[in-house]
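Asker: So Swiss-Prot lists the following for this protein:
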ACT_SITE  B:S81  active site, schiff-base intermediate with substrate
MOD_RES   B:S81  pyruvic acid (Ser)
ACT_SITE  B:H86  active site, proton acceptor
ACT_SITE  B:C101  active site, proton donor
There are 2 protein chains.
Amino acid sequence: MARGGMEARAQTQVKTPVVGKHVYGELYGVDEKLLQDEGRLRQIVIEAAHIANMHLVEVNSWRFKGGDKEGVSVIALVLESHIAIHTWPTYKFATVDVYTCGEHSDPMSAFRYIVSQLSPKRFTVNYSDRSYK
Amino acid sequence: MARGGMEARAQTQVKTPVVGKHVYGELYGVDEKLLQDEGRLRQIVIEAAHIANMHLVEVNSWRFKGGDKEGVSVIALVLESHIAIHTWPTYKFATVDVYTCGEHSDPMSAFRYIVSQLSPKRFTVNYSDRSYK
């Protein structure tokens, strides 16, 4: 019983006022046409936000042309965090950030969804706890 | 001589087509008035982009009101990466991301500048290499 009480207290102590979860990674060998398709990339970000149970506020995107700086950036503000995709079609390369707030958001499922849609030949994934500690 | 040649080759091999550097961290004990000041936070992000030698494309910001979701988000698109500040004035808490591309950008100096302007009582800092590898 005493031990159970200690565990309950420990759980209370680790509860944080701001839960932040950040999943990010690099994607290699992605189809270059897809990495130039601003409309499709926006759509993927919007779908990923819904899958991760994120409150989507606004999506912005830009397409850059010319030389090796060519590519697309999509950045979505979600309450209060963000999803970002930056692409380099010349190198079939993209980077993805899914940063979510709140206990019920699930950034890994959003990251997995983006990977499933971009179908890279290989990718890396990292996780960072961005909570108030 | 042979060894020098090997070192030269090794340097050539590690050269990457896309250099990405991501510095991020959490700031604690920041003045809550400052964390509500959307205009000042935008200005800090713009100044940080210049200090880091980043090509600033667009700055967007939002202020949220009501309950513990209150706060400001500033997200700047830079070519091709981003700076983001999310704030929680209720908890005197903010998170900062400075993600830059290119060999000549210096995200750590931008991160340090943001910290110097927000004057947290304590902060964490992390680095992730987002380059093509």
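Note that Cβ sites are derived from N, Cα and C of the backbone, with glycine treated the same way.
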Asker: Please state whether DSSP places the residue listed as 'active site, schiff-base intermediate with substrate' in a helix, a strand or coil.
Answerer: strand
Asker: Output, ordered by sequence, the same-chain residues six or more apart from B:S81 (active site, schiff-base intermediate with substrate) with a CB under 8 Å from its CB, or 'none'.
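Answerer: Set apart from B:S81 (active site, schiff-base intermediate with substrate) by at least 6 residues yet with Cβ under 8 Å, we have B:G20, B:H22, B:M54, B:Y99, B:T100, B:C101, B:R130.
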Asker: Across all chains shown, how many C-beta atoms besides its own are within 10 angstroms of the C-beta of B:C101 (active site, proton donor)?
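Answerer: Step by step: centre on the Cβ of B:C101 (active site, proton donor), count other Cβ atoms within 10 Å, giving 26.
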